[in-house]
Amino acid sequence: MNTKTVKSMAGIVLSQISLVALFPLCICYQTHQSTSSVASLSPQFYENSCPNAQAIVQSYVANAYFNDPRMAASILRLHFHDCFVNGCDASVLLDSSGTMESEKRSNANRDSARGFEVIDEIKSALENECPETVSCADLLALVARDSIVICGGPSWEVYLGRRDAREASLIGSMENIPSPESTLQTILTMFNFQGLDLTDLVALLGSHTIGNSRCIGFRQRLYNHTGNNDPDQTLNQDYASMLQQGCPISGNDQNLFNLDYVTPTKFDNYYYKNLVNFRGLLSSDEILFTQSIETMEMVKYYAENEGAFFEQFAKSMVKMGNISPLTGTDGEIRRICRRVNHDV
């Protein structure tokens, strides 16, 4: 199916769209809820109120991907950055308003978070189909899954029924999202704070098998990793030389580099294979193979067993997607994802 065809389908009755036509064949992993705090979430939440919701989302994700393959990683990243700040409540999508400062202004998001226009477009289509029904938080969970699938990764049932926050937390976004230079212990502490464990950490960082990083995100590894003008000794020298050609010691801050230089747009296990060969782009990636025997063994296992990685990734995505959801009468269903309803 070409891009023109997908565009023409976006506005028609999407309940008849075949998932096989839009997405590559994939393995769907069954996952299960395990805590009472998310018992009100269900894969069938919109079965009666908006039965075409998932087909609409899938169609628009496909269109966005065909227009810009980078978008898959970008909208997946929004879900991560949302869930790590006061739970999966779509607070990352809110623009600044009045005294509320947007999470988009944090170091983790400023000049790098993207895909907001795609979310706006999908939300508009959902509002036309089922007004004030599908939350922006659920939309982020769905686009994350569909972005993985369209890149060749695993699928899973997305539990739905989240509601949207009325507030953003710039401070939370500054404090709770790991940086490219974070130590393994710092990253693990942040994951543990969200109820995620070491297994989840290693699996979820595998999402870096797609996407990009700016030069500014890893330059220190190339030239001054220890603070003594020395490069990172855990970085393959040939790979480092290649990176230095496009990421000099100064300038070119915004130059983009693939997180996985072998299969940059395919969701597979090459992320782990690269780490084994000391060709992880970010310091916060390579440390999985260099700072802990336990994580090293997991990296080697996933490098050799893509199916095991896919299965654990799906489980960990469900677990992450269930972090502190607003349900029942908490929060609201935003009509526009960038603004709370009283500002619309």
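Glycine is treated like the rest: Cβ placed from N, Cα and C.
In the structure as shown, the Cβ atom of His81 (active site, proton acceptor) sits within 10 Å of 22 other Cβ atoms. As annotated by Swiss-Prot, active site, proton acceptor applies to His81, with the evidence given as sequence analysis.
Per Swiss-Prot, Ca(2+) 1 binding site is recorded for Asp82, Val85, Gly87, Asp89, Ser91, and the stated evidence type is sequence analysis. Residues within less than 8 Å, Cβ to Cβ, of Ser91 (Ca(2+) 1 binding site) and separated from it by at least 6 positions along the same chain comprise Asp82, Val85, Glu103, Ala165, Glu167, Ala168, Ser169.
As annotated by Swiss-Prot, substrate binding site applies to Pro178, with the evidence given as sequence analysis. In the three-state DSSP scheme, Pro178 (substrate binding site) is classed as coil.
As annotated by Swiss-Prot, heme b binding site applies to His208, with the evidence given as sequence analysis. Around His208 (heme b binding site), a 10 Å sphere centred on its CB holds 23 further CB atoms from the protein chains shown.
When secondary structure is read from DSSP and collapsed to three states, Thr209 (Ca(2+) 2 binding site) falls in the helix class. Cβ neighbour count for Thr209 (Ca(2+) 2 binding site) (all protein chains, 10 Å cutoff from its Cβ): 29. Marked as Ca(2+) 2 binding site by Swiss-Prot: Thr209, Asp260, Thr263, Asp268.
The feature disulfide bond is assigned by Swiss-Prot to Cys50-Cys130 (among others), with sequence analysis given as support. In the shown protein chains, 16 other C-beta atoms lie within 10 A of the C-beta of Cys130 (disulfide bond).
Summarising the annotation, Swiss-Prot assigns disulfide bond to Cys83-Cys88 (among others). Reduced to three states, the DSSP call for Cys88 (disulfide bond) is coil. Around the Cβ of Cys88 (disulfide bond), the number of neighbouring Cβ atoms within 10 Å comes to 29.
According to Swiss-Prot, the feature disulfide bond maps to Cys136-Cys337 (among others). Under DSSP, Cys136 (disulfide bond) is assigned to a helix (H, G or I) in the three-state scheme.
Sequence annotations record features per position, and here Swiss-Prot assigns disulfide bond to Cys215-Cys247 (among others). Here Cys247 (disulfide bond) comes close to Cys215, Phe218, Arg219, Leu222, Asn255, Phe257: these same-chain residues lie at least six apart in sequence, with C-beta atoms under 8 angstroms from its C-beta.
The N-linked glycosylation site annotation in Swiss-Prot covers Asn224 and is backed by sequence analysis. Under DSSP, Asn224 (N-linked glycosylation site) is assigned to coil, being neither helix nor strand in the three-state scheme. Its Cβ taken as reference, Asn224 (N-linked glycosylation site) is surrounded by 14 other Cβ atoms within 10 Å in the chains shown.
As annotated by Swiss-Prot, signal peptide applies to 1-28, with the evidence given as sequence analysis.
Residues annotated as site 'Transition state stabilizer' in Swiss-Prot, with sequence analysis given as evidence: Arg77. Residue environment of Arg77 (site 'Transition state stabilizer') contains 23 other Cβ atoms, counted within 10 Å of its Cβ in all protein chains.
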His208 (heme b binding site) and Asp260 (Ca(2+) 2 binding site), distance between Cα atoms, whole Å: 7
Nonlocal residues around Cys83 (disulfide bond), in sequence order (Cβ under 8 Å, 6 or more apart): Gln194, Met320, Gly321, Ile323
Neighbouring C-beta atoms (10 Å sphere around the C-beta of Asp82 (Ca(2+) 1 binding site)): 27
Most crowded position, judged by CB atoms within 10 A, among Asp89, Asp260, Asp268 as binding-site residues: Asp89
Reduced DSSP assignment, Cys337 (disulfide bond): coil
Residue from His81, Gly87, Cys88, Cys130, Asn224 whose C-alpha is spatially nearest that of Thr209 (Ca(2+) 2 binding site), among the recorded positions: His81
Neighbouring recorded positions, C-alpha within 10 angstroms of Asp89 (Ca(2+) 1 binding site) - of Cys50, Cys130, Cys136, His208, Asn224, Thr263: Cys136
